[in-house]
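Peer 1: What TrEMBL records for this protein is below:
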DOMAIN    10-54  domain '23S rRNA (guanine(745)-N(1))-methyltransferase N-terminal'
BINDING   C29, H33  Zn(2+) binding site
BINDING   Y75, E124, G125, H234  S-adenosyl-L-methionine binding site
DOMAIN    118-226  domain 'Methyltransferase type 11'
Amino acid sequence: MPIKAFDKLCCPIDGERLVLDAVSNAWRCGNGHSFDVAKQGYLNLLPVQHKRSKDPGDSKAMVAARRDFLESGFYQKLAQAISTQVAAQTELLQSSSAELHAQNMAGKEASDEPVSILDAGCGEGYYLRHLIAHDATANLRLVALDISKWAVLAAAKQGLKTHYTENNTPKNSNLPNAQAPLVQWIVASNAQIPVADASIDILLCIFGFPVYQEFHRVLKPNGVVLMVDPGADHLRELREVIYTTLKPENQAKSYPEYFTAEPAMAVRYPVTLRSQQEIANLLAMTPHLFRAPQEGKQRVQALERLKVSVDVQLQVLRKN
């Protein structure tokens, strides 16, 4: 079964289900609210009343820096680890679904239910594109959101270049060659995720801002959140250049009682940045861009080479 874009979307204004009008290429709810698909293939479901600023999230320059850094391959091992974990969780969910189907539908043809995956805080889509490349034959329904319109725009543009379905093409589509993308790219917030209740199997939160109650709402029973967070030594060498002293890292994690945390997995390896531009790109995609004192930024800008540690924790949270 092919990978396809997830379609169980909800209106960000009233929560009603959205339906795609293939003629106008717009999503509409029963109360008449309408949201056009942009020519680049993404959907903006972040109404002005849900914004805390005029242009929330990462800026255009920050998105470009992150894209350039990630496309240089520095986090490829991390992306591989995430894709492997998602594949393992997908297999578990499909096995569980098959067993349940066998119990309830004895003697009937086995069901091949797709696994729905939401990337909550997708940035420019690097990790989801890697996931697609990891297993292009998987039966998945994909949706990704970010509060930054620049991030979603970059993700959608890249998706148009590389990933399409061959069927289910909307009439009068704005997309090149009238092909629909494999991912439903959405401008939206983790605080108001515009998808139906209990519609997501696997939710990715990669260096993001978790809203656990909302994550719980959109997950199916026994669905999982894959949290990807920095470990104690993540980018330590960069931080040592920026700050005169480093604050102790509090690695103790607590999660709401409606999730069960499984044993975490660590991903650790070194990378070497060999130019001022690569170092600048790394700084621009971290919170230190705003937190760092001016003197610290100047020390970073003077570097022409920097070896840093990648130290990341992958934590699976299963919905109770």
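Glycine is no exception: its Cβ is also placed from the backbone N, Cα and C atoms.
From a predicted model like this one, the values you see are computed outputs, not experimental measurements.
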Peer 1: Could you please provide the mean pLDDT value for the domain '23S rRNA (guanine(745)-N(1))-methyltransferase N-terminal' (10-54)?
Peer 2: 93
Peer 1: Using Cβ atoms only, which residues of the same chain lie under 8 Å from C29 (Zn(2+) binding site) while being at least 6 residues apart in sequence?
Peer 2: C10, C11, I13, D14, E16, R17, L18, V19
Peer 1: Identify which of the binding-site residues H33, H234 has its Cβ surrounded by the largest number of other Cβ atoms within 10 Å, counting every protein chain shown.
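Peer 2: It comes out as H234.
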Peer 1: Once the DSSP letters are reduced so that anything not helix or strand counts as coil, what is H234 (S-adenosyl-L-methionine binding site)?
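Peer 2: Looking at the DSSP assignment, H234 (S-adenosyl-L-methionine binding site) belongs to neither helix nor strand, so coil.
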Peer 1: At a 10 Å cut-off from the C-beta of G125 (S-adenosyl-L-methionine binding site), count the other C-beta atoms across all protein chains.
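Peer 2: A count of 26.
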Peer 1: Using DSSP, how many residues in the domain 'Methyltransferase type 11' (118-226) fall into helix, strand and coil?
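Peer 2: Computed counts for the domain 'Methyltransferase type 11' (118-226) are 33 helix, 35 strand, 41 coil.
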Peer 1: What's the longest C-alpha separation between any two of Y75, E124, G125, H234, the listed S-adenosyl-L-methionine-binding residues, in angstrom?
Peer 2: 21
Peer 1: If one measures from the C-alpha of H234 (S-adenosyl-L-methionine binding site) to the C-alpha of H33 (Zn(2+) binding site), what distance in angstrom results, rounded to a whole number?
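Peer 2: If we compare the Cα positions of H234 (S-adenosyl-L-methionine binding site) and H33 (Zn(2+) binding site), the gap is 44 Å.
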Peer 1: Cβ atoms within 10 Å, counted per site: which of Y75, E124 has the most, among these binding-site residues?
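Peer 2: Highest number of other Cβ atoms within 10 Å: E124.
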